[in-house]
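Student: Before we start, here is the structure in question, set down as structure tokens.
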Amino acid sequence: NEKSGSCPDMSMPIPPLGICKTLCNSDSGCPNVQKCCKNGCGFMTCTTPVP
């Protein structure tokens, strides 16, 4: 179940890099409105989406 919104563009990572380990497999594993997105390290973490 994908949540609404988009993952932030990681070519301009904010915050830089993020947590360098996988913390989720899908959006449904993330709390509230957060999505499972690839962070600047290339790992999947729960991230607040951009509209």
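Heads up, the Cβ atoms here are built off N, Cα and C, so glycines get one too.
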Student: So, in Swiss-Prot, which cysteine from C41, C46 is disulfide-paired with C30?
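Tutor: Here Swiss-Prot pairs C30 in a disulfide with C46.
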Student: Tell me the Cβ contacts of C20 (disulfide bond) under 8 Å, same chain only and six or more apart in sequence, or just say none.
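Tutor: C20 (disulfide bond) has long-range Cβ partners C41, F43.
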Student: Just the number: how many Å between the Cα atoms of C30 (disulfide bond) and C7 (disulfide bond)?
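Tutor: Roughly 13 Å, rounded to the nearest whole number.
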Student: What is the average pLDDT across the domain 'WAP' (1-50)?
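Tutor: In the predicted model, the domain 'WAP' (1-50) has a mean pLDDT of 86.
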